[in-house]
């Protein structure tokens, strides 16, 4: 449907959040997301400090672990604490860009970590020479750049689309799924382009991840070192949490028999977006032998200081 070129573009959007949530639960939901936000930020900042102070941890396995995915929570918390869900037009586009940037970046980081484990287990003798700090740093920088390119395609696409009518976003943040219904005129072509981009950046890495894990399983079974599976179990859990729910959210519009209410869609999106960075400090690093030893050493040093 064509749109008049002289339309008046909306100046702001309003984050609605969970549409069925009753007002008496707003404070409880706000406190819940505030707790998630503080825990995620403090936990990941702790890792940054540990990595910066301990040179022994500045190696390939740990360079790619520090990641933040909390760009959406402050506004969502404000929505339920102070009923402030408004976002300026360009602020919403910036949030949409960062949301998809972190999604693309996480996918590429999981790919890099799968590559790291694949080389470490299948080619242990070559691993120290191939996966150096310089190599991992280069791969990480490459992921940061490529993630911006893919999310930028969607952002530029939305910046040129006409938004002249409703401005209420039935979601917890601005993203492709929430902005597409607000476009004036036919938005199917733009949505298909965004969907194709998202599927490429998500499932091409997933294909290699699956391939690498198959190779790892074959290699481990051949060596009879079943204990090696424990090094991959954590990654396998995070990968499942990240990819499986995301597939259902993005695929729902293309399957008439697969429906999700707005509340379920929002809850699923928040789960796969917020849960991995929340538990990263606990399951990736606090289970690692080197970091446990560092914390014990810091505790001993602290006790000695108190004695004197």
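Positions of Cβ are set from backbone N, Cα and C atoms, glycine also.
Automated prediction, rather than curation, is the source of TrEMBL annotations.
In TrEMBL this protein carries:
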TRANSMEM  28-53  transmembrane segment
DOMAIN    43-284  domain 'G-protein coupled receptors family 1 profile'
TRANSMEM  60-78  transmembrane segment
TRANSMEM  98-119  transmembrane segment
TRANSMEM  139-160  transmembrane segment
TRANSMEM  200-221  transmembrane segment
TRANSMEM  228-245  transmembrane segment
TRANSMEM  265-286  transmembrane segment
Residues from the same chain, set at least six apart from the ends of the transmembrane segment (200-221), whose C-beta lies under 8 A from its own: 103-104, 107-108, 110-111, 114-115, 117-118, 121-122, 147, 150, 228-229, 232, 236, 239, 243, 246
Reported mean pLDDT - the domain 'G-protein coupled receptors family 1 profile' (43-284): 80
